[in-house]
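Asks: Copied straight from Swiss-Prot:
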- ARG167: active site (ACT_SITE)
- SER217: active site, proton donor (ACT_SITE)
- GLU287: active site (ACT_SITE)
- 23-188: domain 'FAD-binding PCMH-type' (DOMAIN)
Amino acid sequence: MIAELEGIDIRENEALKHYTYTQVGGPADFLAFPRNHYELSRIVDYANHNHIPWMVLGNASNLIVRDGGIRGFVIMFDKLNAVRLNGYTLEAEAGANLIETTKVAKFHSLTGFEFACGIPGSIGGAVFMNAGAYGGEIAHIFLSAKVLTPEGKIKKISAREMAFGYRHSVIQETGDIVISAKFALKPGNHDSICQEMNRLNHLRKLKQPLEFPSCGSVFKRPPGHFAGQLIMDANLKGHRVGGVEVSKKHAGFMINVADGSAKDYEDLIAHVIRTVEQASGVRLEPEVRIIGESL
């Protein structure tokens with residue numbers, strides 16, 4: 001227990017595989033769950049003052065944590081998950097579940113968030129990655145965000161300043177951490193919104209291996225191609241390294257089928273990149289983030 005942070009939920013040497021969608025990942029020195037912005041500021045101030053590294057993990061849905069884990073503080077926003085409506089503006093804290101947030105919009109007959117109805121992860125991670133699917137993306141509805149700078153200061157970032165691109169935002173370079181975000185929605189027909197969300201969720205169940213642990217879509221879509229098709233054309237569907245396999249259902253996914261490790265994921269990703277480039281001349285770029293230390 002760290003005396004200066006008494007009262008905050010902090011767990012020492014906690015295995016991160018219990019918190020990641022891939023079910024892989026070594027220990028964090030300190031895993032912290034702040035309940036509010038004050039506790040978050042206390043953690044960051046303490047870490048910065050004592051020169052201890054810190055990072056925010058989010059919901060760890062499009063992420064691989066290496067088997068050696070992460071040094072310093074890993075902060076999770078599970079308890080910072082409030083969702084509020086002000087007219088047609090929806091504001092959500094960074095730890096709010098993305099799928100559950102789309103249900104709030106649906107309940108109030110607000111349209112614009114349907115594309116995200118089946119995307120796993122948190123609001124903070126969705127903004128960070130400019131998450132998207134089926135023609136929609138966060139950039140289309142984003143208004144502004146409150147962020148925590150690496151120095152521990154809170155500031156506001158506009159949609160223009162966020163400089164969204166394909167699976168990209170400026171905070172991937174600046175190191176700013178989303179605390180909350182506002183989205184501009186529109187009044188819609190409740191039945192139409194429900195039908196569209198049901199349609200998209202049906203497509204996901206048909207095409208994606210949702211029954212297995214995975215990190216979601218592994219590669220960005222290369223211009224003029226589909227990553228999954230390139231992987232299939234290279235005869236890699238079902239290819240396995242250790243306990244991790246290229247999904248037979250959707251080659252753009254890698255699934256943990258037999259107690260796989262982060263190293264299995266990394267080795268399989270590297271093999272797929274090499275083989276696809278040799279077969280097609282196209283070099284795939286990972287969409288998934290890989291962090292932490294190797295064993």
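The backbone N, Cα and C atoms fix where each Cβ goes, glycine too.
Quantities reported herein were computed from a predicted structural model and do not represent experimental measurements.
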Asks: I want to verify one value. Collapsing DSSP to three states, which class is SER217 (active site, proton donor)?
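Replies: DSSP call for SER217 (active site, proton donor): strand.
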Asks: Mean pLDDT for the domain 'FAD-binding PCMH-type' (23-188), as a whole number?
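Replies: Result for the domain 'FAD-binding PCMH-type' (23-188): average pLDDT 95.
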Asks: Three states by DSSP: which one describes GLU287 (active site)?
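Replies: Its secondary structure by DSSP: coil.
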Asks: Measuring Cα to Cα, tell me the gap between ARG167 (active site) and GLU287 (active site) in whole angstrom.
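Replies: Taking the Cα atoms only, ARG167 (active site) lies 7 Å from GLU287 (active site).
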Asks: Could you give the Cα-Cα distance between GLU287 (active site) and SER217 (active site, proton donor), in whole Å?
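Replies: One finds 7 Å between the Cα atoms of these residues.
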